[in-house]
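Colleague: These came from TrEMBL, pasted as-is:
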type	residues	note
BINDING	A:29-36, A:146-149, A:V175, A:183-186	ATP binding site
ACT_SITE	A:H36	active site, proton donor
BINDING	A:Q60, A:Q152	(R)-pantoate binding site
BINDING	A:Q60	beta-alanine binding site
There are 2 protein chains.
Amino acid sequence: MQIIRSVKEMQQLMLELGKENRIGFVATMGYFHEGHISLMKESVKENDKTVTSIFVNPLQFGANEDLERYPQDLENDKRVAEEVGVDILFIPEATDMYPTKMTFEIIAKQRTNVMCGKTRPGHFEGVATVLIKLFNIVRPDRTYFGSKDAQQASIVQAFIHELNFPIELVILPIVRETDGLAKSSRNINLTTQERQEAVWIHKSLEYGRQFVVDGEFIPAMIVQEVINMIHEKTSGTVDYVELLSYPELEPVINTGNQFILAAAVHFSQARLIDNLIIDSEGNKTR
Amino acid sequence: MQIIRSVKEMQQLMLELGKENRIGFVATMGYFHEGHISLMKESVKENDKTVTSIFVNPLQFGANEDLERYPQDLENDKRVAEEVGVDILFIPEATDMYPTKMTFEIIAKQRTNVMCGKTRPGHFEGVATVLIKLFNIVRPDRTYFGSKDAQQASIVQAFIHELNFPIELVILPIVRETDGLAKSSRNINLTTQERQEAVWIHKSLEYGRQFVVDGEFIPAMIVQEVINMIHEKTSGTVDYVELLSYPELEPVINTGNQFILAAAVHFSQARLIDNLIIDSEGNKTR
């Protein structure tokens, strides 16, 4: 496995490699868990070469967010990437990714004013900006994202389409612990007590989904039921529970094909997210 | 010469062609004059394949601008492109370039609040958006722009750099009529009288440059002298005359290396622009 830190070197290498190889790309912030591994494995299976980037993108963190606290374990990440079969690990420096003050800003007029976007102004614009840059550096044929960050996947889908990136977006299911908690780099910041409670995020979403299965597709009621259950069963504070069309992330109108029931919950040192993507009968579609 | 109208077909073709050919790209709005021809010729000379696009981009025209009046002569353009040696002429439809309402907006925080950007809000954002799309469809190695749209070239330079497009930007000198008037598709909309007067845009800029040559680098004074001369010698109305650093397009501070002295003048049915790019001694650098 090659490890590359220079943006320029990476871009030169990929321009050459891309001529004769199908390139799969997994963009990450590191601290790999099984969610990341599932993305890398799928890419290794489907492409000639797999590139994984590790970059904790300052542009997507707000002033009061956990940029400094974001967990890192580069040695383990290298070992894992090598084992999984990643060909190139790209670990750029922030000063190399943002050498000058940006003249251009990417603004998203839709899909960002709901869910995580409501409390993280500029977050998804920061995500879109760094991904546009990474896509231009890596030039992948396919890129892999997880369903846990469903809003991110929705936004990546939109800008790939609208800006004509010739990249196939592959979205893989959420990887869960055996008790159902969605895997996340941030789970490490839960206390033992919180870790036990956290399973109720997923359980509460499943409880909400059951209303749809039972033919009671009443978004406001379902959202309130899920909020109540999370507050009853955990010490966390609900940031949001929302039921929206997917991938448009707009208020549910019964003509939609897919919907997302999503939650974000604050614990003492970690904010966790989870979701279910369902059809109008409540069947899980991912 | 191949003529392609479908975005999808174009992108597929270029993904293949780009593997074994250096691709040169000239983005235009059509109605070719010698300015366009100089760009295409240079591209044909320097690359294996040259792509020219003709697309009158609605996103860069304001509500009261001349989108409807923008001149077209597709048959002549095809003939010219073929003669010059263009390999692929890409002529997409607006509905194919913008099939859905855009979620994403490209905002430029610098370089756009001066010169043409002052009176054309959103213009350069529209230019940047369509060029990002075209760059992703065509995937050129080099792209060619003229100096006449110096602000556009400055903005293209900025977003290629900031968004890491692996594209070399080549900027060619302004092509002028024998009397000095900068070639433009819009010159056709001048009356005979205005056509005679219009040469004074260039002459007035040269008059302004002479102050710098003579060691009198006093921007406010030079700008006023140029405005006065244009108003004296033409029936046009000055939209702006500005003397700025180049390519940053910021107020002149004497440490800059290059500067732009630029003018825009309204005639009855055409708004013309012109500029000189100079060093601190007043020597033309382009």
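In case you wondered, yes, glycine gets a Cβ from its N, Cα and C as well.
TrEMBL entries are annotated by machine, without manual review.
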Colleague: Using Cα coordinates, what distance in whole Å links A:V175 (ATP binding site) and A:Q60 ((R)-pantoate binding site)?
Modeller: 23
Colleague: Can you check what DSSP calls A:M29 (ATP binding site), collapsed to helix, strand or coil?
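Modeller: Where A:M29 (ATP binding site) sits, the three-state DSSP reduction gives coil.
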Colleague: Counting across all protein chains present, how many other Cβ atoms fall within 10 Å of the Cβ of A:F32 (ATP binding site)?
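Modeller: A 10 Å sphere around the Cβ of A:F32 (ATP binding site) contains 23 other Cβ atoms.
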Colleague: Specify the nearest of the recorded positions A:M29, A:G35, A:H36, A:S185 to A:Q60 ((R)-pantoate binding site), where nearness means the distance between Cα atoms.
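Modeller: So, spelling it out, the nearest of the recorded positions is A:M29.
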Colleague: Could you list the residues of the same chain, at least six apart in sequence, whose Cβ is under 8 A from the Cβ of A:Q152 ((R)-pantoate binding site)?
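Modeller: A:F124, A:V127, A:F145 - these are the non-local Cβ neighbours of A:Q152 ((R)-pantoate binding site), listed in sequence order.
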Colleague: Got a sec? Which of these recorded positions, A:G35, A:H36, A:S147, has the most Cβ atoms within 10 Å?
Modeller: A:H36
Colleague: What count of other C-beta atoms do you get within 10 angstroms of the C-beta of A:M29 (ATP binding site), across all chains shown?
Modeller: 18
Colleague: Near the Cβ of A:Q60 ((R)-pantoate binding site), how many other Cβ atoms are there if near means within 10 Å?
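Modeller: So the Cβ neighbour count for A:Q60 ((R)-pantoate binding site) comes to 21.
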Colleague: If you count Cβ atoms within 10 Å of the Cβ of A:V175 (ATP binding site), leaving out that atom itself, what do you get?
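Modeller: A count of 18.
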